[in-house]
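Participant: As listed in Swiss-Prot for this protein:
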type	residues	note
TRANSMEM	24-44	transmembrane segment
TRANSMEM	59-79	transmembrane segment
TRANSMEM	99-119	transmembrane segment
TRANSMEM	124-144	transmembrane segment
TRANSMEM	184-204	transmembrane segment
TRANSMEM	227-247	transmembrane segment
TRANSMEM	295-315	transmembrane segment
TRANSMEM	323-343	transmembrane segment
TRANSMEM	354-374	transmembrane segment
TRANSMEM	395-415	transmembrane segment
TRANSMEM	418-438	transmembrane segment
TRANSMEM	482-502	transmembrane segment
Amino acid sequence: MSWHVQNENFILDSTRIFMKAFHLLLFDGSLIFPECILIFGLILLLMIDSTSDQKERPWLYFISSTSLVMSITALLFRWREEPMISFSGNFQTNNFNEIFQFLILLCSTLCIPLSVEYIECTEMAITEFLLFVLTATLGGMFLCGANDFITIFVAPECFSLCSYLLSGYTKKDVRSNEATMKYLLMGGASSSILVHGFSWLYGLSGGEIELQEIVNGLINTQMYNSPGISIALIFITVGIGFKLSPAPSHQWTPDVYEGSPTPVVAFLSVTSKVAASASATRIFDIPFYFSSNEWHLLLEILAILSMILGNLIAITQTSMKRMLAYSSIGQIGYVIIGIIVGDSNDGYASMITYMLFYISMNLGAFACIVLFGLRTGTDNIRDYAGLYTKDPFLALSLALCLLSLGGLPPLAGFFGKLYLFWCGWQAGLYFLVFIGLLTSVVSIYYYLKIIKLLMTGRNQAITPHVRNYRRSPSNNSIELSMIVCVIASTIPGISMNPIIAIAQDTLF
């Protein structure tokens, strides 16, 4: 008799759980419709790969790109809707989160055509590559909208695991294996440190895990000014620092950039920073609301170290990928200025605007590197000497992207930095802005040094790689991504106002 009662109770409990899950999916699922499109695309990829032969490979690219474009479309249709919290407080949708999700989707959409020819030439497995890219994109999107500590931990782990696998995708390359091992070990350590910081906030707030509820809990327990908050702040800053890769948390960046496949580096160099910036902004601004002076000081130190070390060490590099790795460390220092300024002086708007331009500039430069590497098999900066004589289009495209990264007018990078530095100046961050201007001049030096090499290499200085350079027909997908990124790195500088207006509309 007791067995029947237990069995009935088990069935009733299971039914309640199922109905609750169904209710969440039915009423809250519409709030993650862009993410659901990506999940459907992932399932479709697996089904086609398991039921078709190699001749169906173009369909894999088409499905991946289509799911990303459809997800962007769904996101744009949802723009300006009222902020909503769903899935029992795990996820929040608002304009601020959605614009970062849009940036991540944009990165992935541009990276897939950039990878097609590279994958075919290196004979890598295409299905797994696309699965990892889409899953990492999904993790980044969930991280942008994460509203509690569990989601903030699980979402970046989803992104990070795919990143580790992508960085070691060329298994026979010793450098790739080394890069993956360093990336994995440091990623695991940083995740542990991040969770330890979360545990401090969880205890101090009286057992709360939602971001806004943590603030209320700290007020109720009167612990918002306790030393434990400072300890939690340090641990969380170190954990997030690995994702953003500012100095001194940058040690993994150059090795991973150099050892990983170039399309993977292009993908990781932008998506990881976009997702981490969105998460860092919400974590610092909400749970650490009462410790703004402390986290401002911490981020100011990180920004100064990043801008100085990143740009100075980039001067000495001989590899294009390592140079862009150190350049990205300097670039994240500029982005941190926007995080420090906050919403009061358009800091977030300037950060988002600059991030949009950074995506086009960085992906454009990496598209040029992928194309040059496929045609010559080298990554050395000196081997680019005299490229203009063989391929003026590629040389000019790379030059424009590098000049935009350096912040020369009238390119998009100049206006992005100008807006960012102006907001920092208005907020009273005079020293940070001065360091930013000074290091921007340093970055222009090493970018111009490469451009001079591209344009003015004499016959005796031209390397065998460029001398034997053969330009392939201009119908490959890499050039498509490159053209889009080059245009986006130049034209938006002329029409900044609409972009700034959209960025200013991204409030919490």
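Glycine is no exception: its Cβ is also placed from the backbone N, Cα and C atoms.
Source: prediction; values computed, not measured.
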Participant: For the transmembrane segment (184-204), find every same-chain residue at least 6 residues outside the stretch whose CB is under 8 Å from a CB in it, and list them.
Facilitator: 149, 152-153, 156-157, 160, 163-164, 214, 217-218, 221, 223, 226, 228-229, 231-243, 249, 251-252, 287
Participant: Determine which residues of the chain contact the transmembrane segment (395-415) at the Cβ level, with the cut-off under 8 Å and only residues 6 or more beyond its ends counted.
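Facilitator: Residues packing against the transmembrane segment (395-415) from afar: 327, 331, 357-358, 360-362, 364-365, 367-369, 372, 384, 387-388, 440, 443-444, 447-448, 450-451, 454-455, 482-483, 485-486, 488-494, 496.
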Participant: Cβ pairs under 8 Å with the transmembrane segment (482-502): which stretch of 99-119, 295-315, 354-374, 418-438 has the most?
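Facilitator: Per the Cβ count, the answer is 354-374.
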Participant: The transmembrane segment (418-438): which same-chain residues, six or more beyond its ends, come within Cβ distance under 8 Å?
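Facilitator: Sequence-remote neighbours of the transmembrane segment (418-438) are 300, 303-304, 307-308, 333-335, 337-338, 340-342, 344-347, 349-351, 353-354, 407, 496, 500.
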Participant: Would you kindly list the residues that approach the transmembrane segment (295-315) from elsewhere in its chain, counting only those six or more residues past its ends and only Cβ-Cβ distances under 8 Å?
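Facilitator: Cβ under 8 Å, 6 or more out: 233-234, 237, 241, 246-248, 250, 284, 288, 323, 326-334, 336-337, 339-340, 429, 431-432, 435-436, 439, 442-443, 445-446.
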